[in-house]
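A.B. asks: According to Swiss-Prot:
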type: ACT_SITE; residues: A:Asp93; note: active site, proton acceptor
type: ACT_SITE; residues: A:Asp270; note: active site, nucleophile
type: BINDING; residues: A:Asp93, A:Ser94, A:Gly95, A:Gly96, A:Phe97, A:Asp147, A:Gln193, A:Gly220; note: substrate binding site
type: BINDING; residues: A:Cys308, A:Cys310, A:Cys313, A:His339; note: Zn(2+) binding site
type: REGION; residues: A:275-279; note: region 'RNA binding'
Protein chains: 2
Amino acid sequence: MSFTFNVLKNSSQTSARLGKININGIEIDTPVFMPVGTKATVKALTPLMIEETESKIILANTYHLVLKPGLEVLKKFGGVKKFMNWKGAMLTDSGGFQVFSLAKLRKINDDGVEFSSHIDGSKYFFTPRSVMEAEHIIGADFIMCLDECSKHDASYDYVKEAMFRTHKWAKECKEYHDSTPNSEYQYLGGIIQGGMFDDLRKESAETLVNMDFPFYSIGGLSVGETPEQMHEVLSKVMLYTNKQKPRYLMGVSEPRDILNAVMEGIDMFDCVMPTRNARNGEAFTMNGIVRIRNSKYRMDDTVLEEDCDCYTCKNFSKAYLNHLDKTHEILFPILMTIHNVRFMQRFMKDLRNSIENDVFSDYRKDMMNKFY
Amino acid sequence: MSFTFNVLKNSSQTSARLGKININGIEIDTPVFMPVGTKATVKALTPLMIEETESKIILANTYHLVLKPGLEVLKKFGGVKKFMNWKGAMLTDSGGFQVFSLAKLRKINDDGVEFSSHIDGSKYFFTPRSVMEAEHIIGADFIMCLDECSKHDASYDYVKEAMFRTHKWAKECKEYHDSTPNSEYQYLGGIIQGGMFDDLRKESAETLVNMDFPFYSIGGLSVGETPEQMHEVLSKVMLYTNKQKPRYLMGVSEPRDILNAVMEGIDMFDCVMPTRNARNGEAFTMNGIVRIRNSKYRMDDTVLEEDCDCYTCKNFSKAYLNHLDKTHEILFPILMTIHNVRFMQRFMKDLRNSIENDVFSDYRKDMMNKFY
């Protein structure tokens with residue numbers, strides 16, 4: 001098993017780049033979007049449908065999987081990919097983000113974080129080592145270090161303290177992971193923190209780059225800051241990352257944010273938004289969002305997006321989708337999710353083509369004008 | 001467009017028969033099971049998934065479609081098959097059953113039935129002609145006369161009155177339908193009523209057979225009576241039906257009832273049970289029902305049914321289904337419904353093979369022993 005990353009082309013006017021990941025035999029063109037399959041399923045899609053969107057890699061959440069179905073089940077099945085029958089690549093987060101956003105009664109110290117399940121209140125203690133052990137059992141191709149994600153309006157002192165803890169945990173995760181046979185087929189990413197503070201972001205990036213992870217993620221963004229703040233943090237922190245490695249921006253799928261982040265050199269993205277908003281009736285198209293619940297679509301015989309090649313757009317009208325929503329039919333989230341995930345992959349492909357042809361800046365402006 | 005029905009083989013020991021329907025170019029082997037797509041969708045399945053279960057014909061409900069999306073929408077789309085992109089055959093009921101089971105504030109007289117929508121209370125008046133007009137717009141291949149379905153414990157006098165009304169309406173439906181161009185590609189079935197009373201069933205069957213419908217259904221069964229009562233009514237009423245025509249038992253999918261009904265010569269079935277029970281965690285297998293919510297399946301790495309060729313059984317364990325149910329994932333009803341509908345089609349195929357090989361009685365006993 002193996003992991004390689006090659007930058008195939010650099011944009012001449014921006015830091016955008018085209019790349020190719022080869023992870024355990026699976027090829028992934030970057031920049032790449034990873035749909036989220038939180039609890040061992042990308043909501044409303046069969047694995048076959050995920051494949052048909054041309055998604056090569058999906059994300060699952062360690063926090064949720066530890067709670068349900070639990071590590072005992074996943075161990076028996078040889079990991080979550082076999083459990084859910086997903087044949088593509090997978091990345092798991094460390095659960096850190098969910099512990100700090102979902103779980104209750106958190107107690108944090110330098111050893112780890114104690115929390116109560118948001119489902120039944122039962123207690124868990126996540127440490128760098130226990131998270132590595134969990135991610136080893138879950139068995140994704142890419143795994144992440146335990147980190148502490150500060151709120152976007154946290155104080156400098158708190159963000160600094162959390163950053164130091166994140167670095168300590170990163171070191172412990174890496175040392176433990178590298179000592180196990182799993183390091184031969186699971187690849188551990190370091191998470192850069194530091195909030196909205198330039199000096200902390202620089203320090204975090206440099207510290208983690210020195211630890212020599214196979215890839216890096218930028219954590220602590222998409223947590224409530226404005227798109228401009230996000231872009232500004234990225235434009236600075238990316239200078240201190242390692243250009244030979246894939247760089248992953250967690251929790252982002254808004255086209256504006258993806259375009260800005262790719263401009264700064266980000267290679268990987270994930271977010272629940274395309275799937276969640278699909279279920280809430282928002283279809284993404286190259287010309288912006290279609291809110292299919294609007295009664296103006298009741299008699300509309302056009303498809304969501306004329307140029308889209310997804311199963312939904314090849315077969316069903318807006319009127320039919322509007323009807324399925326009004327009648328609360330299960331087919332509604334299915335067809336909407338197929339479209340939105342396929343939209344993301346079409347968008348990423350267009351974006352990659354624009355880098356290939358060195359017209360990324362034009363593409364970015366054009367897409368911003370069309371979408372917003 | 002055309003409709004033919006040929007009996008290919010008669011069981012030597014029972015009234016079971018193997019047949020072939022050709023409806024507007026679509027071939028359907030009988031006895032056949034029709035999954036129910038009440039509101040222009042077989043719940044939780046894409047049309048492609050329905051096809052993959054080898055279902056050739058599905059049912060939709062006139063009552064529900066008149067309420068939502070409404071005839072105006074369906075007219076614009078050229079009927080419900082185009083609206084939902086279903087390329088197989090379709091049958092619509094008349095809405096009579098739903099008016100008497102779902103709607104509120106019914107007022108019935110010999111002209112028709114007035115009722116309030118169970119959704120928003122708005123008023124509708126169904127007459128034989130208005131139901132024909134609705135079914136013409138909905139555009140199924142097989143359509144049904146307006147009828148009044150009595151409760152299984154209704155008095156003799158009430159059942160008799162409802163039966164006469166059903167006959168009057170059948171005559172009016174047929175006269176109107178036959179006067180329209182739709183009669184060249186939509187085929188109208190008569191519904192035999194008469195409750196649990198032998199003389200009324202005989203009278204109803206003979207009256208409708210004299211009207212010469214292209215097919216007949218046995219209504220007023222599967223409404224609360226015991227399996228033995230249903231079987232007894234069938235064993236008597238079938239004697240008075242026309243053996244050259246397909247005979248359809250409405251609202252039945254329980255294997256016991258199908259086996260009994262096929263033994264008496266029934267050719268067509270529909271029921272929501274396989275799809276509804278799928279969503280409630282009941283998987284049908286040749287060896288009986290698997291209640292997948294049971295915690296004993298939490299670690300079970302076997303599939304629902306070893307011999308099943310459906311997408312669910314080829315790819316997912318009981319443990320995974322148990323997990324999807326516990327986490328309320330949309331993939332749960334999808335995978336369960338695929339299996340149950342495919343189960344019904346495998347069951348019907350086995351049953352047809354047993355008639356072909358003239359071993360239906362043995363098959364019936366064997367299936368009863370295995371399933372119950």
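Easy rule for this one: first residue shown is 1, then count along the chain.
Cβ atoms here come from the backbone N, Cα and C positions, even for glycine.
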A.B. asks: Using a 10 Å cut-off on CB atoms, tell me which of the recorded positions A:Asp93, A:Asp147, A:Asp270 is the least crowded.
C.D. replies: A:Asp270
A.B. asks: Find the average pLDDT over the region 'RNA binding' (A:275-279) in the predicted model and report it.
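C.D. replies: That region's mean pLDDT is 98.
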A.B. asks: Can you give me the same-chain residues 6 or more apart in sequence from A:Gly95 (substrate binding site) with a CB-CB distance under 8 Å?
C.D. replies: A:Asn61, A:Thr62, A:Tyr63, A:Val66, A:Phe126, A:Val131, A:Ala134, A:Leu146
A.B. asks: Compute the mean position of the Cβ atoms of A:Cys308, A:Cys310, A:Cys313, A:His339, which form the recorded Zn(2+) site, and then list in sequence order the other residues of that chain whose Cβ is within 8 Å of it.
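C.D. replies: Residues close to the Zn(2+) site, other than A:Cys308, A:Cys310, A:Cys313, A:His339: A:Val303, A:Leu304, A:Glu305, A:Asp309, A:Tyr311, A:Thr312, A:Lys314, A:Ile338, A:Arg342, A:Phe343.
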A.B. asks: Look up A:Asp270 (active site, nucleophile) in the DSSP assignment and report helix, strand or coil.
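C.D. replies: Looking at the DSSP assignment, A:Asp270 (active site, nucleophile) belongs to a strand.
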A.B. asks: Suppose the substrate site is A:Asp93, A:Ser94, A:Gly95, A:Gly96, A:Phe97, A:Asp147, A:Gln193, A:Gly220. Which further residues of the same chain have a Cβ inside 8 angstroms of that site's Cβ centroid?
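C.D. replies: Near the substrate site, the remaining chain residues are A:Phe100, A:Met144, A:Cys145, A:Leu146, A:Glu148, A:Cys149, A:Thr166, A:Ile191, A:Gly219, A:Met250.
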A.B. asks: Compare the Cα of A:Cys310 (Zn(2+) binding site) against each of the recorded positions A:Ser94, A:Phe97, A:Asp147, A:Asp270 and report the nearest.
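C.D. replies: Result: the closest of the recorded positions to A:Cys310 (Zn(2+) binding site) is A:Asp270.
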A.B. asks: For the region 'RNA binding' (A:275-279), how many residues does DSSP put in helix, in strand and in coil?
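C.D. replies: Once the DSSP states are binned, the region 'RNA binding' (A:275-279) shows 5 helix, 0 strand, 0 coil.
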A.B. asks: With every protein chain in view, what's the tally of Cβ atoms within 10 Å of the Cβ of A:Gly220 (substrate binding site), excluding that atom itself?
C.D. replies: 32
A.B. asks: Could you tell me the maximum Cα-Cα distance in Å between the residues recorded as binding substrate, namely A:Asp93, A:Ser94, A:Gly95, A:Gly96, A:Phe97, A:Asp147, A:Gln193, A:Gly220, rounded to a whole number?
C.D. replies: 15
A.B. asks: Ten-angstrom check, please: count other Cβ atoms within 10 Å of the Cβ of A:Cys313 (Zn(2+) binding site), all chains counted.
C.D. replies: 22
A.B. asks: Quick one: Cα separation, A:Ser94 (substrate binding site) versus A:Asp270 (active site, nucleophile), in Å?
C.D. replies: 14
A.B. asks: Per DSSP, A:Cys313 (Zn(2+) binding site) is which: helix, strand or coil?
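C.D. replies: Note: A:Cys313 (Zn(2+) binding site) is helical by DSSP.
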A.B. asks: Just to be sure I understand the packing, how many Cβ atoms besides its own are within 10 Å of the Cβ of A:Cys308 (Zn(2+) binding site)?
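C.D. replies: Taking all protein chains shown, A:Cys308 (Zn(2+) binding site) has 20 Cβ neighbours within 10 Å.
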A.B. asks: Round to a whole number and give the Cα-to-Cα distance in Å for the pair A:Gly220 (substrate binding site) and A:Cys313 (Zn(2+) binding site).
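C.D. replies: Roughly 36 Å, rounded to the nearest whole number.
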